[in-house]
Amino acid sequence: MSFRIAGPRLLLLGLQLFAKAWSYNLDTRPTQSFLAQAGRHFGYQVLQIEDGVVVGAPGEGDNTGGLYHCRTSSEFCQPVSLHGSNHTSKYLGMTLATDAAKGSLLACDPGLSRTCDQNTYLSGLCYLFPQSLEGPMLQNRPAYQECMKGKVDLVFLFDGSQSLDRKDFEKILEFMKDVMRKLSNTSYQFAAVQFSTDCRTEFTFLDYVKQNKNPDVLLGSVQPMFLLTNTFRAINYVVAHVFKEESGARPDATKVLVIITDGEASDKGNISAAHDITRYIIGIGKHFVSVQKQKTLHIFASEPVEEFVKILDTFEKLKDLFTDLQRRIYAIEGTNRQDLTSFNMELSSSGISADLSKGHAVVGAVGAKDWAGGFLDLREDLQGATFVGQEPLTSDVRGGYLGYTVAWMTSRSSRPLLAAGAPRYQHVGQVLLFQAPEAGGRWNQTQKIEGTQIGSYFGGELCSVDLDQDGEAELLLIGAPLFFGEQRGGRVFTYQRRQSLFEMVSELQGDPGYPLGRFGAAITALTDINGDRLTDVAVGAPLEEQGAVYIFNGKPGGLSPQPSQRIQGAQVFPGIRWFGRSIHGVKDLGGDRLADVVVGAEGRVVVLSSRPVVDVVTELSFSPEEIPVHEVECSYSAREEQKHGVKLKACFRIKPLTPQFQGRLLANLSYTLQLDGHRMRSRGLFPDGSHELSGNTSITPDKSCLDFHFHFPICIQDLISPINVSLNFSLLEEEGTPRDQKVGRAMQPILRPSIHTVTKEIPFEKNCGEDKKCEANLTLSSPARSGPLRLMSSASLAVEWTLSNSGEDAYWVRLDLDFPRGLSFRKVEMLQPHSRMPVSCEELTEGSSLLTKTLKCNVSSPIFKAGQEVSLQVMFNTLLNSSWEDFVELNGTVHCENENSSLQEDNSAATHIPVLYPVNILTKEQENSTLYISFTPKGPKTQQVQHVYQVRIQPSAYDHNMPTLEALVGVPWPHSEDPITYTWSVQTDPLVTCHSEDLKRPSSEAEQPCLPGVQFRCPIVFRREILIQVTGTVELSKEIKASSTLSLCSSLSVSFNSSKHFHLYGSKASEAQVLVKVDLIHEKEMLHVYVLSGIGGLVLLFLIFLALYKVGFFKRNLKEKMEADGGVPNGSPPEDTDPLAVPGEETKDMGCLEPLRESDKD
């Protein structure tokens, strides 16, 4: 099988963006790069050979292209000599192909141009080099088209009628002279005939040759005829007299007649004799303004008339008509049949693509057959060429560019196939597969694969892949570098061989965010670079920022859809552009027996080294192999058994995956150990208290081990599932270049891209006896009846359950409770043996019935030990607007993972709880009730006592279940020794009939003075408010012998069936009483008491007056003494002193003025 590199055929522009990169076994630190003084297209194609790299550098501007040989011993490349070549190659290096079997190299220049009769022909020039590159062995120009100058005999038939003035006639002559001058160096022959009423030959073909093609001599003495315009007659005249051999006409020349006139024909007739003459008519002047007048010229023109009729409004425009006339003539040159293509191999561009396989060379020829394209099958000497194209050659295949890319598809059991791309076919592109012929046979088209997106350039790049390297190409990769979708530019379609046809199996894409990235502009099959014995593929995307290369690893049956590595151009060389425009990687260039990959860029070629791929074999072991239960379980005893933890040993060794590499390997391993890494809380801890431990160690192909230790927190709940120990590892990168590592040092490998995590579990020790098989025996019990459920907004229900295990340890014990939908789970708590034992419940939303719900509780998760008994309490809230029966029934069932079905008879229990509905009744006495009366001997003997009670029934959610209510009014019974008697009556609003009954008197009335003796029973009608009036008549029936106070009590209570209902706010809220205080006043005779008291008071007053007189109280002269002393006794101010008087002035007693003395007047 050959290996070819077909890079992008367009000169690509670069972008400067940023991209991420993945790292696998292609080292992004370039081993070497090559340069040459060959312009920016150096690197357009790259190809590895035995001792280096061949680089193609097509020319740009006035520069020629060339080939360069780059050796690893030097950074600069030398031109490849083209000894014996006498051609200048403008685009040499655009196409390179190599023969893997023979080592020969084919290089082509598809742009060998030359001029033929003022037309430019394009064909190819190919060189076949030996493996040593010492000059080309062979060279050839495949599909070279010799310049076959077309012979054309052209007659000017010009109008000389009287409608022309002299100036316009001269302009017609100048136009003919100009055409003759410009085509003088061609195979054209000219003749001229003037027509009016008659015809006149101005010069024949013979005259044209004799006069040395001089138009000034031939037309210098022509004079206008100035008569009618007999056009029919003139055309027949030319056929009969000018297109004749005796006039110099050539039998093998194309006959062209150019008619110039300024008016419509004056005569009639037919021109059938001119059917084999191409007729081009030019109408000039204002006579042909209307469309109808223009149509009069159509009869003289060839078909299609739109192409062969030209209307000019002035004669001055004749001088600009030559280009159009030349194009019309050139389109028919060399052929008289319009059903053939205009171009055959003149513009073939042969060599735009090439491939070699076992000495069999093919080159693409996109310009053949009017750009329909095809390819050329070359002999080994490059001298013979057989053109193969798409047949039949219809209009829809023109412009398809078949042969833009070619690729051999090798086969072991049959003749090989050749894939040829036509990226412009019907604007969507297609790829045709042909089967190579046997000796002397024909190529057969076997399959057509069409693109789907307009403008995607589907087939612009082809690559055949021998996946398992057995000589059979299993995959065909078709590039569409202009494909657009999902913000990605470019796509590669993978087709797999299925018997005789190829079917698409996958698509390869680049990174999003590069709509113009040209992913798939270069595709190449590498050797096995990752050591899995499958061919890998590299895809170039030269316009993703500075360019990028993707590596897709082979896998059984195809290619991995995701790249194992993306190498950015900026990552390799800052400032590089178009990185990935060409790629090749099949040989070792560094001497380490690992294939290196060569990547072309703008003006530079980069060599990327492969690194040896290894795997790391790891082993984990524990001591002890099981975790003792005493290390992790909760302990409530004073003495705890000593805990030692677990020892962990981790061993590593390198396992090479690239056996061709024979050097030394040394790797620096980074590892991370995790204990229960998948849990929120780890059950194992390293000495530093963390569940994670990291470190580095050096490893080699020899086994090396590390020792670790971990312990456990107290009270681990999950003692069933083993502890997961995970070891995650990677290789650390070292600084330096790949070449540094190859110079006498151990090679740093790369780790295989797989899951680099090893996990191992260490189980917990099981207490299951000698057979190591635990068999549990669970029992569930609950009180048959519990306290009632009182329905209210904040009501709750607590149910106690007892669970015991008389067998061995039970695993994952679960208690399932079925309860009515009127209840909602609130909480669960452990009562016995202690609250630290774990229990959790969850109300299930699925699996419940219409009437009941299910609660799932995990008890003592995960182990319920042998002989253990627990009591737990489950609490529920009630839901409003629920329907209830007389009893609530709860059914419980206990399960575990290791109980025999024959022991599950006692795993269920049920409890029944009575339901009480709320009654919200409030009673209170009214303010207008009688609270006090009194009796005197002289007062009335009879008084009325009135007690008024209000009964309010508050609405509730359970009014529909309201019980029968009865008001009980209690009134006292008179004592026999009391001086008063009383009678009672009860009335209600709304009015009902009340019945009275005597109550049994207690033995001791003194202790219960308000105990009723008579009770009235009044049925209550359900209303929001009810008034009950108790009226008593109290009569003084005996004489009041002494004053005393008595109490009369009436009471009210509301009764109902307490077995189904309860007072919402307690029974006291529906009870009330009124206490009446009765005073009995005994009146006595008090007149003599009053008289004696008055006399005693007067006597006492007289005695006091007499005593004061005897002591001289009324004869004292204290005032005079004070005035004589001028002071105040005891330092106190005089009584008449004004405290507000001005000092130094005498204060006068304004209430006791003395007479004015004479001495005071001065």
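Placement of Cβ uses the backbone N, Cα and C atoms for every residue, glycine included.
What you see is a predicted model, and the numbers here were worked out from it, not measured in a lab.
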Annotated range (Swiss-Prot: motif 'GFFKR motif') out of 142-146, 762-766, 962-966, 1112-1116: 1112-1116
Euclidean distance between Cα atoms of CYS77 (disulfide bond) and GLU474 (Ca(2+) 1 binding site), Å: 36
When distances run from the Cα of CYS1049 (disulfide bond) to each of the recorded positions CYS108, ASP466, ASP468, ASP592, CYS857, the nearest one: CYS857
Pairwise CA distance, CYS1018 (disulfide bond) versus ASP468 (Ca(2+) 1 binding site), rounded so that it is a whole Å: 106
Candidates CYS70, CYS651, CYS705, CYS841, CYS1018: member of the disulfide-bonded residues with the richest Cβ shell (10 Å): CYS70
Helix-strand-coil residue split for the repeat 'FG-GAP 5' (444-504), DSSP-based: 0 helix, 38 strand, 23 coil
Shortest C-alpha distance to CYS651 (disulfide bond) - which of the binding-site residues ASP466, ASP468, ASP470: ASP468
Among CYS77, CYS108, CYS857, the most crowded of the disulfide-bonded residues [Cβ within 10 Å]: CYS108
Local confidence of the repeat 'FG-GAP 5' (444-504) - pLDDT mean: 94
Among CYS70, CYS199, CYS768, CYS841, CYS1010, which are recorded as disulfide-bonded residues, the nearest neighbour of ASP588 (Ca(2+) 3 binding site) by Cα: CYS70
Fewest-neighbour residue among binding-site residues, criterion Cβ within 10 Å, set GLU474, ASP588: ASP588
Cβ contacts of ASP470 (Ca(2+) 1 binding site) (under 8 Å, same chain, 6 or more positions away): ARG412
